[in-house]
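These notes concern the structure reproduced below.
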C-alpha cells in the first residue's frame, strides 16, 4: 500500500476510485461471494447429476441419445464462458458481466422448474411409466436448459476470478491469503454439489422434479441478494482500453511479417518500453523466455511498428496454456462419465440400503466425489502444502503442473477400477442369469464407490490445479478469458465423450454386432469402453508429462519507485518462477 492506504495493484471501487486496502477486498469481500458459488453449484449439479435419469424415464430417450444430450448440454454450459470472459475482459468488467448473466441463469432455472412442474409442459406419467413427450414439451425443456447454459457463460468465468481480484498480489500478506483462495473457493463449490447429489436428487425421484428444481432456484435468488449486499466491499480491476485478444493477433501478424528478418543474438536487443512506461500505466513487465522463439520476431526493432517483449511474452503464455489445455480434454472426458454412464451403470444394480428398503438414487453416488474432496481439500491445504513447502521451497508446495499431473495420473487408476468393477458386474449377470433388461443385478451399488472416491481425491489435484494454473498464468487483463481454458476443457471433454459414445455405438453395431453401450447394459460391453478410456488416459498422461517438462512459467518484473532514491527497482512478481 502507498501512504494513502490504497491497494498497489491498481484495483478500484465500483465508481472507479482507487480502492482503500483496509476497507475492501480480502476474505471480508469473498464471504459474500462463496454463498452464491455454493448455491450455483447446487443448482447446476441438481440438474446435471440426474438429467440422464429424467431424459430416460420422463422423456423416454434411449441410452446413447440421453448420454449424448447430457454431454452436449454440459459441454455448452462449460464452453459459453469463453464469450462471457471475452465480454468481461474487453467491455464491461467482471462485476457487470456477472450481474446480467446471473439474472439469465436464474431465468433458465425458473423456466426449467416450470417445465417439470406444469402439467401442460411435461409428459403425463403413471408411476414409473410416462407417455411420450410432445415435440413442444421437448423443445420447451431443452430451451430452458440452454437459457441456463447462456447464463452460465457469464457467471462461471467471472465469479471465481472476481473473487481472486479481492487479493492484492503486491501485498505480501494478501498474496499469502490468495494462495489458499482457490482451495477454499472450490470447497464452497463442493459443498453445494454435495447438497445437490445427496438431497436434491433424492427429492427429485421421491418427492417431485418440480420441488427438486425449485429449491435451488430460490437459493440462487437469495444468494444473489447476499452478493449485492457486499458491493461496498468489492475491489474491481479496471477494463483495459485495448482488447487483449487484439494484442495477441497483432503479435502473431507482426511475427509472420518479420519472418525474413534476423533475430538478434541477445534478447536484450529486442524492443521493450522504458520502465517508467510500466510505472505510469500500472502494468506488469514480463521477462523474456526462449519458448516459441519464432514470436520474438514481432519485437525486432528494425521491423515496422514492433511489439514489445512483454506483448510477445503474453502471446507465448497463451500458446503455452493452449498446449496444456489440449492435454486436459481426456481427463475431462473421463469425468463426463459421472453424470452419464456411471449413473446408468448404477441404475442396473441393487440400490437397497439398510433394513427398511431405502433405495439410493444412482445419481447420489456422485456425492461421494464431493465428500472425498471436502475431506481432502483441508488436508491438502493445511498439511500437504506446508509439508512439501519445507522440502521444495515452493510457496504452493509443488508446482501448478505437478499438481495437475498427479490428478491426471489418478484418472488412469479411476478407469482401471471402473473396468474391474464392470467386469465383476457382468460376471454376476452371467452367473445369476439376469436376462430381462429391467431386472436388477444382485450386486450392491456400493461397489461403484471406489471409482467415485478416487475421482474426488484426484480432482483436488486436477480440477483445482487447472483452475489456479490457468488463472495464474494468464496475461494481465485476461484472467477471466484465461480461466475459460479451464471451463472450456470441461466443455470440450463433454462434447468429446458425446462423440466417442456415438462413434463407439455405431462401430460396434455394424453387421449386426452388439453395441458396447446399448440400452440394456447387462447385454452390452461397457467394460470394453472403460478399457478404451483407460488406454486414452495413459497416452494422455504421457503427452502431458512431455508438455509440462517444456513449459515456461510466467516471470514478472514488478517495477516500483523506491522511496529513498526515487529510482525504479525490479522485484519479483507472482508466479512459480521468479527473477
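The backbone N, Cα and C atoms fix where each Cβ goes, glycine too.
Bear in mind that TrEMBL entries carry predicted annotations, made automatically and left uncurated.
Here is what TrEMBL says about this protein:
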TRANSMEM  94-116  transmembrane segment
TRANSMEM  184-203  transmembrane segment
TRANSMEM  209-230  transmembrane segment
TRANSMEM  317-338  transmembrane segment
TRANSMEM  358-380  transmembrane segment
TRANSMEM  400-421  transmembrane segment
TRANSMEM  452-471  transmembrane segment
TRANSMEM  483-504  transmembrane segment
TRANSMEM  528-549  transmembrane segment
Below 8 Å between Cβ atoms, which of the listed ranges 94-116, 209-230, 317-338, 358-380, 400-421 makes the most pairs with the transmembrane segment (483-504)?
317-338
What stretch in 94-116, 184-203, 317-338, 400-421, 528-549 has the biggest tally of Cβ pairs under 8 Å against the transmembrane segment (452-471)?
400-421
Most CB pairs under 8 Å with the transmembrane segment (209-230): which of 184-203, 358-380, 400-421?
184-203
Cβ pairs under 8 Å with the transmembrane segment (400-421): which stretch of 184-203, 317-338, 358-380 has the most?
317-338
